[in-house]
Each structure stands twice: as C-alpha cells, then as structure tokens.
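Undergrad: Would you mind keeping the following structure in view while I ask a few things?
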Amino acid sequence: MSVPKFNDLSFYSDPSAHKSRYANLVKTFKSKYPNDEIEFFARSPGRVNLIGDHIDYNYFPVLPMAIEVDVVAAVSTNNNDMIVIANTDSAKFPKETVSLAEEFTIDREHHTWANYFKCGLIVASKFLQEKAMTKLKGMNITFSGTVPTGGGLSSSAAFCVASTLAVLYANGVEDISKADLTRITVVSEHYLGLNNGGMDQCASVYGEQGKALFIQFKPQLKGTPFEFPVKNLTFVITNSLQVSNKYETAPIHYNLRVVEMAIAGDLLAKKLNVEGKEGIVKDSNVDTYSLRGVMDGYCGAWDGEDLDVGVVHLEKMIDVVGKTLTKEGGYTVEQCCEEMGLTPEEFHSRYLKKIPVKFDVLKLYERALHVYRESLRVLKTLQLLSTVVDASQFLQTFGSLMNESQHDLDILNESSNPKLNEICSIALANGAYGSRVTGAGWGGSIVHLTTTENLPKLTKSLEAYYKREFPGITDEEIREAVIDSKPATGSCLVKLDFSHALQG
C-alpha cells in the first residue's frame, strides 16, 4: 500500500476549514523563495494513543489513531548543494540551511529545529543509497505545523516523517510504500538520542479517515485500521499546557524508562532461564532482552494474532513479575549487580553507557508490571471490539480500561502528575467514560472517551478548568487546547496544481 497522492484537501474531514492555512503557507513560501514555484506538498499528521503507552519499545501492540493536526511541507527543488528550510512561524523556527556537500551530522548540544529535519534527511538519504540514488537535489522548503510541540501528540514524529517524505519525493521516489516509509522513519529520532519505539511514526503514516489503528511490531511491523462499533463515540484531546520535551528530560524520564525496562528484561531472562534460549534474541533498543522477548521465551512464542493466547501469556507474566522482581520501590545498582552476577563496571558498561540516565534507584518491578498490564489492556480492548455488545456496555468497558491505564501510568510508570490527574478527574465527572495521559507523559496531552451527546458538558468543564488554572488565557488558546477529533488520514502528498488554485 503506497502513500496516497491528492490534488485537493479531501483528506481532511472539513477541507474548507484548512484552505486559508494552505494559502498562508503558499504566501510564506513565495516570500521566502520569490523565484520558486511549489512543486508539491508533503504532509504527515500527529497521533493520539488511545491505549498502550510505554510498551511499543518492548514490541507489544498499541491502539493509536492519526489526528487532523499535522505538519505540511511546501517544496521546490533545484541543483544547489543545499537545503533551505523555513517556517510559517519564523519567530519560533528561523530559517536554517543544511549543506549537501558535507556529511550530515547532528549536534545534540545545539538544540535546533533543523536537527529534526536532519533526522528525516539522514534516513531518506540512506534509503536513496539503497536504491543507488546518491546525488541529492537541493530543496527550498517551508513548513507549517499545527501539532502542538511538547503536547504529547507526536509533533516530532509528524515533522520527521513529513521531512523524510519530502526528501524522497523530491529525489525521484514517486511511489513509496507505507511499510517502507514507516520502516525508515521509526529510527529517525534515534539520531537525536531518543530511544523510541515505532508507534508514533506508524500511526502517522498508516492513519485512515474514520479509523483507528492496531499496530503490531512482531513478527513484523504493520498497522491494521479498524472502526469503532459506536457511531456517536468521539475523543476529546486536551493539551495540559505542561510542555514535555522528551529530549531535554530524557535522562530522568523517557530514556530512563527504556533503560529500566531493558534491565528488567535481562534480569527476568536470567531468573526465568530464558537467557540464551534458542530463538530468543536480545532485541531491545539497548541490546538486551525485551519484555516481549522474555514472555515469548517463557510462555512460548506468540504470533500477535491469537488474542486469547496473548491474554493467557500476559496474565502469566503479570503473576511471574510479582514473584521474581521482589524489590518493590526500586533496586540499587549494587542490588542489580548482585542478582545479575555482574561487577559495577560491567553493569555500567552494559546498561548505562549507551544511554545517559540519572536515577537513585531502578524501579524494575513497577516498570515491568506496567508493560505487561498495559499490554493486556490493549488485547482486552481488541477482544471488546470483536464482541457484540450494546453501545453503553462498550463505552463503559473501554472507559474502564482507559482509566486502569491511567492509574498504572501514574503509579507504576510515574509518567503522570497531580495536574494531569486533576484534568482526568474533571473529565470523568463531566461526561467522559475514560481519561488517560497519552504519549510519553510528564505533561503533554490527555485523551478522553465520550459521546457527541456528552461533548458540550465535557468541553465546558474543561474550558472552566483552563480559565481557572491559567488566568488571562484567551478563547483561541482554549480552542487550541481542547479539541474533539475523529481519526484522520495519514501521510500523503499533495500536488502542484492545488497551490495554483489557492493563489487564485
């Protein structure tokens, strides 16, 4: 299945609502590059994860959906040895230049928006080299983004995917499969030092209008669209306005979770005699046993399709974690070394050298338990989707699963906080069936399950919260912070004739 191409805005639920934005993008492009004509637009959306957070990098399936906020790149090509990138928000994202005559490098100490573009450029150039296309074209690009940065809706993934798509199409890749675009962009943010899984990129690429996604990582990466059985169901996404920059806080938040889960995987593998078992490899981002790999080694390989088998295996692992990782509240490095038979030097070299992290103790029990319990909730949601139930029962059951997820994100994964919990409580008291932090957490956004009938009461209560919590906030800022969203179209290309129509 290829990334689709459009000659209009029909991929939006309300095309007319986006026309002025594209007109502004064209106007800004012409002001930056007066001698150029836009050849095409490359676009990729943000995403909201409905259930299944901090489990994708352990290769357990997740249930996100693409949303209509997105990143759009207006592109022209030339024969210069440089790429110039600009933005409609030039005050926040000033014009930058990337030389094609030099090796692409990312200075992690110098944090700039061009680094994200370079992530897309690097993976695109590697893909082009695989196709024996080594000479890159110069490009002039202007970006427009509506995904809030640091809002937990994958603005960075949307930007990296749109950048990758722009570079590929500009260099003659007229037809790229969704599978290839996902495969190469999954690792794009690794160049910034973020050890993410593949959920964000896959959701951005595979999104379909009106459908959420079941994303699997084993035995292969794929996204399967599905529809909800309740027609009046809708999701409200609230930006907490607590900016969560995954890269700046990675050593104490996101990357620390990756490391804790990696160590938990190795310790479980050792204690459960999975270590060295035939067919079970060290497949995590940090070359350890993943928690999915441990489950497959201990319970038997799961094909990712038979939900009943997956449920049995996960329930078994939840029981095993409680009996095996016995130090609730955290392990010291010394305790880890003792249980794993390693010296402190060996432990540091194996687990703490590749990814810089900061901690007092390593909460292996809590993190592993979260992964297995959250993964079980994903499968129970899928089972619910395949069961004939009335609308009320579906909403109540799915809402309960979302609320259980929020509890574990707060208590076991510690990626929520009191203010996020307060927003969830307000929503649940005013028409939401389920509310949970979505994405990396530590700020960002919350997703609420509700119905069209309950929508006015829910949004009114959330608007009141913002006015109380943020005196002076404008109505426009509230509208941007509280959005109801249906599932949206994923990555796509929009052709040149449309830009002419906009200028007319």
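Positions of Cβ are set from backbone N, Cα and C atoms, glycine also.
Residues or ranges marked as site 'Transition state stabilizer' in Swiss-Prot (evidence: similarity to another entry): ARG47. Annotated alpha-D-galactose binding site per Swiss-Prot: ARG47, ASP53, HIS54, ASP56, ASN196, ASP200, TYR254, in sequence order, evidence recorded as similarity to another entry. Taken from Swiss-Prot, the feature ATP binding site applies to GLY150, GLY152, SER154, SER155, SER244, ASN245, LYS246. If you look up Swiss-Prot, you'll see ASP200 marked as active site, proton acceptor.
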Undergrad: Among SER154, SER155, ASN196, all listed as binding-site residues, which has the most CB atoms within 10 Å of its CB?
TA: SER154
Undergrad: Which secondary structure state does DSSP assign to ARG47 (site 'Transition state stabilizer'), in the simple three-class scheme?
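TA: Where ARG47 (site 'Transition state stabilizer') sits, the three-state DSSP reduction gives strand.
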Undergrad: SER154 (ATP binding site) to ASP53 (alpha-D-galactose binding site): how many Å between their Cα atoms?
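TA: Per the Cα atoms, SER154 (ATP binding site) and ASP53 (alpha-D-galactose binding site) stand 13 Å apart.
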Undergrad: Highest CB neighbour count within 10 A among the binding-site residues GLY150, GLY152?
TA: GLY152
Undergrad: So which of the binding-site residues is most packed in, judged by how many other Cβ atoms lie within 10 Å of its Cβ, out of ASP53, ASP56, ASP200?
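TA: In terms of Cβ crowding, the pick is ASP200.
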Undergrad: If you count other CB atoms within 10 A of each CB, which of ARG47, HIS54 wins among these recorded positions?
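TA: Counting every other Cβ within 10 Å of each candidate, the maximum falls on ARG47.
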Undergrad: Around TYR254 (alpha-D-galactose binding site), how many other C-beta atoms are within 10 angstroms of its C-beta?
TA: 25
Undergrad: Of all the recorded positions given, namely ARG47, GLY150, GLY152, SER155, which is spatially nearest to ASP200 (alpha-D-galactose binding site) at the Cα level?
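TA: When the Cα distances are compared, ARG47 comes out closest.
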Undergrad: Per DSSP, to which secondary structure element type does SER154 (ATP binding site) belong, with helix, strand and coil as the options?
TA: coil
Undergrad: For TYR254 (alpha-D-galactose binding site), identify the closest of the recorded positions ARG47, GLY150, SER155, judging by Cα separation.
TA: GLY150
Undergrad: What whole-number Å value do you get for the CA-CA distance of HIS54 (alpha-D-galactose binding site) and GLY152 (ATP binding site)?
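TA: Cα-Cα, rounded: 13 Å.
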Undergrad: Between any two of ARG47, ASP53, HIS54, ASP56, ASN196, ASP200, TYR254, the residues recorded as binding alpha-D-galactose, what is the biggest Cα to Cα distance in Å?
TA: 18
Undergrad: Of the recorded positions ARG47, ASP53, ASP56, which one has its Cα closest to the Cα of GLY152 (ATP binding site)?
TA: ARG47
Undergrad: In whole Å, note down how far the CA of ARG47 (site 'Transition state stabilizer') lies from the CA of GLY150 (ATP binding site).
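TA: On Cα coordinates alone, these residues lie 13 Å apart.
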Undergrad: According to DSSP, collapsed to three classes, what secondary structure does ASP53 (alpha-D-galactose binding site) have?
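TA: ASP53 (alpha-D-galactose binding site) sits in coil per DSSP, no helix or strand.
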